[in-house]
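S.K.: Just lifted these from Swiss-Prot, have a look:
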ACT_SITE  CYS80  active site, nucleophile
ACT_SITE  HIS168  active site
ACT_SITE  GLU170  active site
BINDING   SER222, GLY223, GLY224, VAL225, ASP226, SER227, SER228  ATP binding site
DOMAIN    3-194  domain 'Glutamine amidotransferase type-1'
DOMAIN    195-385  domain 'GMPS ATP-PPase'
Amino acid sequence: MKQILILDFGSQYTQLIARRLREEQIYCEILPFNTKYEDIIALDPAGVILSGGPSSVYGAGAPKPDPKIFSIDKPVLGICYGMQLLAVNGGGKVTACKKREYGFAEVKIKASTSKLLKGMPKKFTAWMSHGDGVHAMPKNFKVTATTSTSPFSAAEDDKNKRYAVQFHPEVVHTAHGSKILKNFARVICGYKEKWTPASIMTASIAAMKKQIGKGHVICGLSGGVDSSVVAALLAKAIGKNLYCIYVDTGLLRTGDRERTEGLAKKLKVNLKIVDAEKLFLTKLAGVTDPEKKRKIIGALFIEVFEKEAKKFKDAQFLAQGTLYPDVIESMSVKGPSDVIKSHHNVGGLPEKMNLKLVEPLRFLFKDEVRALGRELGLGSEIVDIHPFPGPGLAVRILGAVNKPDLDTLRAADFIVREELYKSGWDKKSWQAFAVLLPIKTVGVMGDERTYEKAACVRCVNSVDGMTADWTKLPYDVLQKISGRIISEVRGINKVVYDITSKPPSTIEWE
């Protein structure tokens, strides 16, 4: 399938460019800014987008693409920093702005014949985020839009198929921004194909059949949306040659195991369940540091999974639910970010086990995985399931983990999820759960004094988990959740609601 290529110069918004294009059923991929010209040509893109970035084009070490990119015989769109690169390369001028533009700006269209701004209102609000600005465009460019402080907000060179905007059409703050990106792909690049869940499914199954052939695949099935979609794709591609492994760590929620067993039965795939609760709780005994808990669980999970996987001696492949943001981050121009928390997966397994990787979701975002799941016929109980951390309930019990506290938290967490489902707020929230706090509070039940633990309810709205806002649940829903937990769950006598956003907080407490 044809694609639009996006060269990443370090913008925090680069992934949004891809998301906006894909929402318009336009397939695109993100590559590092320094990708070789020959590699780009080999992909035969319909067009190229130069992303924004935090650098100054004149700064020491500023990211620059392969020089031959500027003469590529394909349409090119420069966004913010990308526009400045096009300007400087063509003999234009970029200087520091007297007044930096950060935030909203009113854009006025100056050219009614603009292909890039076709169908846009004459005035619209756009999101600016730049300290440098273009103060002279190359001679072949004509100015198509301005703001009160930016005389070159958009410009075009139709003859050489070069287009540029100083604002960010990819962010939701820019009115009709998706239309600008759609115009670039559909009108300027002539992109005609439609990238849909059905086409994704067909292409993925065909690719896996070609890669795997008559081979056998091991898949770690957790019951979450990613691993479930991977298993469903593989079931269609190779059928009985798929071996699924479910490790019951004892740190899972009520219903997780049963849901996974039901999925395996529906898909008619082999499922091996490993009961490892005793092993995990023994290793976690007395451990209170959250990072140590994560590392113990991650290492032990790999150990258990590897031991079980080796029993399938005819397996040559390991399937993983790697998503596109992970791929992008691994090749990012920005380099390694600070590690806030260790991530739990089986990434170390293929090398140890001499297995080849199968990653059918590696070019998909989370919302696309959910759409693919629906196309595959997976139910809402799987496709719309809230994210659940790899270490499970261990990072929702603050302090040491033990079976009585796990049972208490499981009961409270089930009530939270059940009440949200009854009220319809499960669909309006991105993630919701209970946390067992390491404090005891005084209470009164009947005529007796109690001294028991407190629980916290956490419910957030988000798109991808990178940022999140706390969900404004109705008081009656909160009241039902609190009342049921106090009445039905032994060991809890107080319920609080977390109203912190991310940032500054994280979604999980540990």
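Here the Cβ of each residue, glycine as well, is placed from N, Cα and C on the backbone.
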S.K.: Compute the centroid of the Cβ atoms of SER222, GLY223, GLY224, VAL225, ASP226, SER227, SER228, then list the same-chain residues not in that set whose Cβ lies within 8 Å of it, in sequence order, for the ATP site.
M.R.: LEU221, VAL229, VAL230, GLY321, ILE382, ILE385
S.K.: Here the binding-site residues are GLY223, GLY224; which one has the lowest number of other Cβ atoms no more than 10 Å from its Cβ?
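M.R.: If we count Cβ atoms within 10 Å for the binding-site residues GLY223, GLY224, the smallest count is at GLY224.
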S.K.: Counting across all protein chains shown, how many other Cβ atoms sit within 10 Å of the Cβ of GLU170 (active site)?
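M.R.: Step by step: centre on the Cβ of GLU170 (active site), count other Cβ atoms within 10 Å, giving 28.
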S.K.: At the Cα level, what's the spacing in Å between GLY223 (ATP binding site) and GLU170 (active site), rounded?
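M.R.: About 33 Å separates the two Cα atoms.
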S.K.: Measure from the Cα of SER228 (ATP binding site) to the Cα of every one of the active-site residues CYS80, HIS168, GLU170, then give the nearest.
M.R.: GLU170
S.K.: I need the nearest neighbour of ASP226 (ATP binding site) among the active-site residues CYS80, HIS168, GLU170, using C-alpha distances.
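M.R.: When the Cα distances are compared, GLU170 comes out closest.
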S.K.: Find the one among the active-site residues CYS80, HIS168, GLU170 whose C-alpha lies closest to that of SER227 (ATP binding site).
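M.R.: Closest by Cα: GLU170.
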S.K.: So among CYS80, SER222, GLY224, VAL225, all listed as recorded positions, which is physically nearest to HIS168 (active site)? Use the C-alpha atoms.
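M.R.: The smallest Cα gap between HIS168 (active site) and any of the recorded positions is with CYS80.
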S.K.: Just jot down the residues in the same chain as CYS80 (active site, nucleophile), at least 6 apart in sequence, with C-beta under 8 A of its C-beta; none if empty.
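M.R.: The list for CYS80 (active site, nucleophile) reads SER11, SER51, GLY52, GLY53, SER129, HIS130, VAL165, GLN166, PHE167, HIS168, given in order along the sequence.
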S.K.: Fewest other Cβ atoms within 10 Å: which of the binding-site residues ASP226, SER227 wins that one? Let me know.
M.R.: ASP226
S.K.: About how far apart, in whole Å, are the alpha carbons (Cα) of SER222 (ATP binding site) and GLU170 (active site)?
M.R.: 34
S.K.: Check each residue in the chain of VAL225 (ATP binding site) that is at least six apart in sequence and keep those whose C-beta is under 8 Å from its C-beta; list them in sequence order.
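M.R.: Listed in sequence order: LYS366, VAL369, ARG370, GLY373, ILE382, VAL383, ASP384, ILE385.
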